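Peer 1: Residues or ranges marked as domain 'Dihydrodipicolinate reductase N-terminal' by TrEMBL: 3-128. As annotated by TrEMBL, NAD(+) binding site applies to 9, 10, 11, 12, 13, 14, 38, 99, 100, 101, 125, 126, 127, 128. Here TrEMBL flags 41 as NADP(+) binding site. Taken from TrEMBL, the feature domain 'Dihydrodipicolinate reductase C-terminal' applies to 131-264. Here TrEMBL flags 155 as active site, proton donor/acceptor. As annotated by TrEMBL, (S)-2,3,4,5-tetrahydrodipicolinate binding site applies to 156, 165, 166. What TrEMBL lists as active site, proton donor is 159.
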Ligand SMILES: NC(=O)C1=CN([C@@H]2O[C@H](COP(=O)(O)OP(=O)(O)OC[C@H]3O[C@@H](n4cnc5c(N)ncnc54)[C@H](OP(=O)(O)O)[C@@H]3O)[C@@H](O)[C@H]2O)C=CC1
Ligand SMILES: O=C(O)C1=N[C@H](C(=O)O)C[C@H](O)C1
């Protein structure tokens, strides 16, 4: 069976790469694109894609669903719109595969409940790159032995959210195995606000934004006389595409929300 895929955010850095990936995949069909502004009737009108890319563009998900009946909605948009898209998709019986970051814990909890109630699969993956998933899992394992941790995430300077979804997911995995505790000197004081980064149960998260970067993270674990550094680099957005393909295929057989690619890779 061919999986009918719609993409939200097709004009973006990730969206464009995802459009090419789905178009090339013989087990999938790109049936529609969701945008929030009028950019033409089909992808071809955007001048971003070859003339053979004829997927129609909609600005309303209900209309998109009525006309093109997608099985899956891949969301690669912005922290501002992703929660609404995901909720609407679930209500329309479309399985969301979400790469967009910036969900609050409450939003994740609500979407988990909706997905479970409706028995409709949903995948929210803060990072689709397999190497990044391994970096997070290795950090989680190491945290049991070296519980003093700082996360440094580094991204291109057009990124809207900080800390990154990957850094938050890493901290979340580590926090499940590491008792919360204050790190550094108990009397430490910031003479410049923000100098010590964000505080996640005592772990510090630092966000670097610079032109030239794509997506990079290192987890520093310090112990007496030693430092373990676990690092991952995405040098291009091709690194995320196999995770998107795997998620689109897997979500078809899920009955609830899965948060993180680590739950679906073998
Ligand atoms: N999970 C993962 O592995 C990865 C996740 N990401 C995440 O994916 C998201 C997108 O990243 P990136 O491609 O770099 O960002 P871009 O800004 O390049 O792309 C986002 C696109 O979505 C469009 N858009 C914004 N709002 C809507 C909406 N309501 N409906 C439809 N389209 C919309 C934007 O249009 P306009 O610019 O006109 O506003 C833009 O074209 C981010 O949250 C990022 O963190 C990124 C890389 C990997
Ligand atoms: O905005 C990005 O580029 C990325 N966003 C995701 C995140 O916030 O972790 C995944 C990856 O780091 C690239």
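Yeah, the Cβs are placed from backbone N, Cα and C, and that goes for glycine too.
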Peer 1: Look at the binding-site residues 9, 165 and tell me which residue has the greatest number of other C-beta atoms within 10 angstroms of its C-beta.
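Peer 2: Result of the Cβ crowding comparison: 9.
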Peer 1: What is the number of other Cβ atoms found within 10 Å of the Cβ of residue 155 (active site, proton donor/acceptor)?
Peer 2: 22
Peer 1: To the nearest Å, how far is the Cα of residue 11 (NAD(+) binding site) from the Cα of residue 41 (NADP(+) binding site)?
Peer 2: 14
Peer 1: Tell me the residue counts in helix, strand and coil for the domain 'Dihydrodipicolinate reductase C-terminal' (131-264), as DSSP assigns them.
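Peer 2: Per DSSP, the residues of the domain 'Dihydrodipicolinate reductase C-terminal' (131-264) fall into 42 helix, 39 strand, 53 coil.
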Peer 1: Of 11, 100, 166, listed as binding-site residues, which ones have a Cβ less than 6 Å away from ligand 2?
Peer 2: 166
Peer 1: In the domain 'Dihydrodipicolinate reductase N-terminal' (3-128), how many residues does DSSP assign to helix, to strand and to coil?
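Peer 2: Across the domain 'Dihydrodipicolinate reductase N-terminal' (3-128), the residues distribute as 48 helix, 28 strand, 50 coil.
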Peer 1: Which residues in the same chain, at least 6 apart in sequence, have a Cβ under 8 Å from the Cβ of residue 13 (NAD(+) binding site)?
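Peer 2: In sequence order, the residues whose Cβ lies under 8 Å from that of residue 13 (NAD(+) binding site) (at least 6 apart) are 158, 237.
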Peer 1: Ligand 1: which of the recorded positions 11, 155, 156 have a Cβ closer than 6 angstroms to it?
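Peer 2: The recorded positions passing the 6 Å Cβ test are 11.
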Peer 1: I need the neighbours of the (S)-2,3,4,5-tetrahydrodipicolinate site defined by 156, 165, 166. Which other residues of that chain put their C-beta within 8 angstroms of the C-beta centroid, in sequence order?
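Peer 2: The answer, listed by sequence position, is 101, 126, 127, 153, 155, 159, 161, 164, 167, 215, 217.
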Peer 1: Within 10 Å of its Cβ, which one of these recorded positions (11, 41, 156, 159) has the largest number of other Cβ atoms?
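Peer 2: Counting every other Cβ within 10 Å of each candidate, the maximum falls on 11.
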Peer 1: Quick one: pull the CA-CA distance for residue 9 (NAD(+) binding site) versus residue 166 ((S)-2,3,4,5-tetrahydrodipicolinate binding site), whole Å only.
Peer 2: 20
